[in-house]
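Heads up, the thing below is written out as structure tokens.
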């Protein structure tokens, strides 16, 4: 390689390797327990038809959404009002982007702290094990914060289609947050007001076929830090959820045209823990690639995080009000520290194992063993 030249990063989309690279291999306790296509019907599918009615269907929809948020923290919505043509265009452009030659995608490489663009992503910066996915991400709200230099210029129409998609998803998210505000006995706009100037980040995930899917994850187990997330996924399957700390997992049944909705940590705290922050991950497979588009609705960095409603007999889940920026910093620091502790424990266990092997070989056999 010429002096000063840099190696092309490994891209799963163009890999023909039959063995998974070590950097993607998860510890046994993190590996998939349920296949990508063993679907569960436990996550409710809720029709939003009539949600704009003052009474009538809105009351019934509200009850279903609240029940889902108290149980799993995740549900699916249909009849949501997002135009099918917008969904089709967004999905088409996403697939076209990941089909581009590596050099076209890498022009928007976001490594080195760049905000937005393309990356082969680990769940957490500094974590040793990578997730088996490629992503392209951009920040769409507030509008003044859009940096179009970090938005792909291929395929054509990316900007116009993604702007329309972002706009309609913002409307849907605010509508759902209105239902949750009312469920807490607050004004319809209470949660969106608590976000101050709501941020929106769109992450387009592409999970290529994987040579050894039983050894890795497309996206490591986590909860989202923000208020609410809306996920559009194809029909392949791979999104999984748990509500018992990872002991058992279910694979969410893909529903054509539906959005999977899950609450994040911020939404969980605003409800004083009443609504669950969904614990989820993504698994991959060796048969076909998978596409999903996650739209994260987050509060402004300076928004205050504290329960909006505390029911009688409850205590606040937070000791004191903090900003979302501080909440996010603490979450990332905690996750990174846990990753470091686990990595250190793994190294120490390996050293103990190697030492035991050496001692076993060096230990002289007794006379009884020799004559046995």
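Any Cβ shown, glycine's included, is placed from N, Cα and C.
When the candidates 80, 280 are compared with the Fe cation site entry in Swiss-Prot, which names 222, 224, the shared residue is 280. Taking 222, 224, 280 as the binding-site residues under consideration, the smallest Cα distance to residue 290 (2-oxoglutarate binding site) is found for 280. Under the DSSP three-state reduction, residue 224 (Fe cation binding site) is assigned to coil, being neither helix nor strand. In sequence order, 262, 263, 264, 265, 277, 278, 296 make up the list of same-chain residues 6 or more apart from residue 224 (Fe cation binding site) whose Cβ falls under 8 Å from its Cβ.
Counting other Cβ atoms within 10 Å of each Cβ, the lowest count among the binding-site residues 222, 280, 290 belongs to 222. In the three-state DSSP scheme, residue 280 (Fe cation binding site) falls into the strand class.
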